[in-house]
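Engineer: For Cys333, the entry in Swiss-Prot reads active site, nucleophile, with the evidence type sequence analysis. Residues annotated as active site in Swiss-Prot: His430. The domain 'GATase cobBQ-type' annotation in Swiss-Prot covers 251-438 and rests on sequence analysis.
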Amino acid sequence: MARAIMFQGTGSDVGKSVLVAGLCRVARNRGLKVRPFKPQNMSNNAAVSDDGGEIGRAQWLQALACGVPSSVHMNPVLLKPQTDMGSQLIVQGQVRGEARGRYYQELKPQLMAAVMESFAKVGDGADLVLVEGAGSPAEINLRAGDIANMGFATHADVPVVLVGDIDRGGVIASLVGTHTILPQEDRAMVRGFLINKFRGDISLFDDGLAAITRFTGWRSFGVVPWLKAVSRLPAEDSVILERAVRGDKKALIVAVPMLPRIANFDDLDPLKAEPAVEVVMVPPGSSLPADAGLVVLPGTKSTIADLLALRENGWDRELVAHVKRGGHVLGICGGFQMLGRRISDPAGIEGNVRDIEGLGLLDIETMMEPEKVVRNVEAVSLLHDEPLEGYEIHIGRTSGPDMARPFARIGDHDDGAVSPDGRIMGTYLHGVFSADRFRHHFLRALGVEGGQMNYRESVEEALDELAEGLEASLDIDGLFALA
């Protein structure tokens, strides 16, 4: 079994995913064969791994930081929320059904075998495995049968480092409180802590570090400052979208309705990085900005439910007004399905609504079918004759007259649809804006000159900068010696 260290948080969104990605790059730069692992993830931001299954995009990014192909075994259990009470269950990359509330709690102990099998496969040939927990180990109401945090750590005998987020406040209480509430067996697994997202003079927190150690007996591995490189990396949790604020007006405003079950929102990251583009996330209850040149309907885990939510917010009427003003629309995956005349779900795959009228902006119809398409693809944009690399994760088959004007060609078949005037576009492909030449041509067609950024290189540079920041702020030797 490979050496391993597990990073657990005092809560969600404390920065574990990016921290592990940065430490993966640190270990790689030190010449170690390092691999990422997350026993259980809950996210609709999924990736298609290099071996052809679904994993969290955070683990895909961590694999990139390690310089290795991504694998379904890096995230053996993935939960994709599709209703308020249930999630689609993905085990080792493949759909296993729906997990609902208490039923999933009863199912978790059975999943430990798959988790441990994947952990062994990830560790095979590795010098170090960096493990990421989920949520917080302090949620002791979920401790029985746990596979995500201390349940895994105790089962696999992996030492734990706790991560506290000082930016949200109360970090001393959150760490000391976690120490207090953990059962003795779990507390014994914790070897220390680190503080994340500090702004200002770190020396001002010296007394805080001493207080945490005094109350817990845990050693400090350091304080990570607020690192600008993090903003250039894909975010895993949609909570980060809720904090977006409008900046100075740019040449092109791209409006994105924040659908309740938004998925794969990192499709937007390359656009956000363009200096002439402002991506505006529009929360429920707010209107689409009238000055938007492009509206993107993003992917969603539940197309029909989110189409209903779109209508409840009045965004359907605003979208029609946007088109009448000469605006453009791009639908991606579930957003593409919404643009059509009708969505049918006779088997009730998505829920109780069997048939619903679409937005009618494209002359297409979608039939939901049980078979799920999960694959990485190489394609050619038929709008601009430029190569694309992306991935598909969807159910449903779409057809109709506007499919005669496809968005892209994948091998021997076409993808997507374009309206006769070219202003309404839809595709099943995620990741299209990561292709620099396509992105620049796409923006130019909207009257905006794209920058010279190479998006993939910018992600690699951000990982290197993150690693440098962690080397400078943490006791890396002490951390890696835990394994």
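Cβ coordinates are placed from backbone N, Cα and C, and glycine is handled just like the others.
Since the structure is predicted, the reported quantities are computational estimates derived from the model, not experimental observations.
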Engineer: Which ones in the same chain are close to Cys333 (active site, nucleophile), with CB under 8 Å and 6+ residues apart in sequence?
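Structural biologist: Cys333 (active site, nucleophile) has long-range Cβ partners Ala263, Asn264, Pro298, Gly299, Thr300, Glu392, Ile393, His394, Thr427, Tyr428, His430.
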Engineer: Counting across all protein chains shown, how many other Cβ atoms sit within 10 Å of the Cβ of His430 (active site)?
Structural biologist: 26
Engineer: If you average per-residue pLDDT over the domain 'GATase cobBQ-type' (251-438), what number do you get?
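Structural biologist: On average, pLDDT over the domain 'GATase cobBQ-type' (251-438) sits at 96.
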Engineer: What three-state class does DSSP give the residue listed as 'active site, nucleophile'?
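Structural biologist: For the residue listed as 'active site, nucleophile' - judged by DSSP and reduced to three states - the answer is coil.
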